[in-house]
């Protein structure tokens, strides 16, 4: 991949570079994904998650930018794995962009085949929000991480993580949310990363409190704060596959154990034991097969240590990076003895159509986001947990790139919020249109048997019709851009998922599109879980009037 040293930053304000606000939103969000404040390796078009890219190569990026600048408001741009391939006449209520990233026929859906295609310049890895142009930095996963640790606290520690120690690893774009999510819940956390730059970045953005290269220092500080029942996050430089076994050997057992290293990609995401970053990069280039094997062996040691900690009483869970599957394939037959985070903590939220709803101020003015915060605090005042989140986010979350906010809203709530935001743009309360989107990790938009759809009640974990239906209904209902991806989060062969973005530009046409899209999108989550037999989803569907023909 050619590296290009240029600083990309989304335009701010109300002056258009394009022929309409929906096209402008797509252009600004693509560029925002590659803002150095937001992206992990912008010079390689990598946004987050190992090699999750915003465009296939620099030539494709420029062609997408040029296409968006000339795209009419009754045309649709098609993007195939990060490359613009067609512009068709459509209509004003159609999506302005349709994206399909990293999709492979099942028999060929593996990293080896993907890499062959990538080498030939025929494909890119879009992760989830990298290739769909709605990544907002680490805040994008923060509330989900906060909710996960909060639910763990409710289930196991009396509602708070005060006086507990969490051990985790991986401080990239996704995992970087963990330190702040734990401290927001009152706990102490040691978060390991092999790359000093990742830890430095989290400290700079106030997601992590301190840095150390010493396990002894990390443990001493952790114990001190644990005893005081005060929160602190400690970024520890090192390799988790070395440090976790060492802690097991010393008979040190944290209260909570998880992991968010980029284990979904053994070649580009995980560093084997005994290698510096530089040595790993050299081996990756010279002998990728050996590198992958060493990575998998290290991951197996990593999972073995997590299992040992679980046996000693640690609440242990997989945080969606497919590390258990790798260890299982390497012969560790009890790798799945600890659960994934969705069945353990998040599924009840999915049953209510809740998920990581986000919005971005295209103006670039933080005041626009603060005004929308007030909407949440006013309109959803009865939801104290949600309001607490907004108040904490305001105080503790630093914006990356265009100002944005995330909060988990459910069926009915998303459409209500979208209507209000569109009215605020229309009457000038907000200085420019707002982009509304979400992660692909949502209630009705993903099939991922080792993560979002793990251990479904009816055994339908691998049924992939749902994300396709989600993308189809969002497209016909007028989402501004819609994406269908493969392999996000857990790697090639293990997931299919869809994303949507809708622009609130203050027009009456946008109001109608928002109402349709922000109803059907979370509605798919309710439908998915009703179909799988979840009582809470049935209750939600009946209370909210979701029309499901065969619901009992």
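From the backbone N, Cα and C atoms, a Cβ is placed for every residue, glycine too.
Noted in Swiss-Prot for the protein shown:
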- 407: active site (ACT_SITE)
- 49-50, 127, 173-175, 193, 239-240, 260-264, 270-271, 319, 489: NAD(+) binding site (BINDING)
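Here the features listed in Swiss-Prot are painted onto the structure.
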{"residue": "49", "record": "NAD(+) binding site", "Cβ contacts under 8 Å, 6 or more apart": "127, 128, 130, 172, 173, 174, 262, 264, 265, 269, 488, 489"}
{"residue": "193", "record": "NAD(+) binding site", "Cβ contacts under 8 Å, 6 or more apart": "169, 170, 171, 172, 175, 199, 235, 236, 237, 238"}
{"residue": "260", "record": "NAD(+) binding site", "Cβ contacts under 8 Å, 6 or more apart": "168, 169, 170, 172, 174, 175, 178, 319, 320, 321"}
{"residue": "263", "record": "NAD(+) binding site", "Cβ contacts under 8 Å, 6 or more apart": "269, 270, 299, 302, 321, 322, 323, 326"}
{"residue": "271", "record": "NAD(+) binding site", "Cβ contacts under 8 Å, 6 or more apart": "194, 195, 239, 277, 280, 295, 298"}
{"residue": "407", "record": "active site", "Cβ contacts under 8 Å, 6 or more apart": "143, 357, 376, 386, 389, 390, 393"}
Around the Cβ of residue 173 (NAD(+) binding site), the count of other Cβ atoms that are within 10 Å: 29
For residue 271 (NAD(+) binding site), the three-state class that DSSP assigns: coil
Coarse DSSP state, helix versus strand versus coil, of residue 49 (NAD(+) binding site): coil
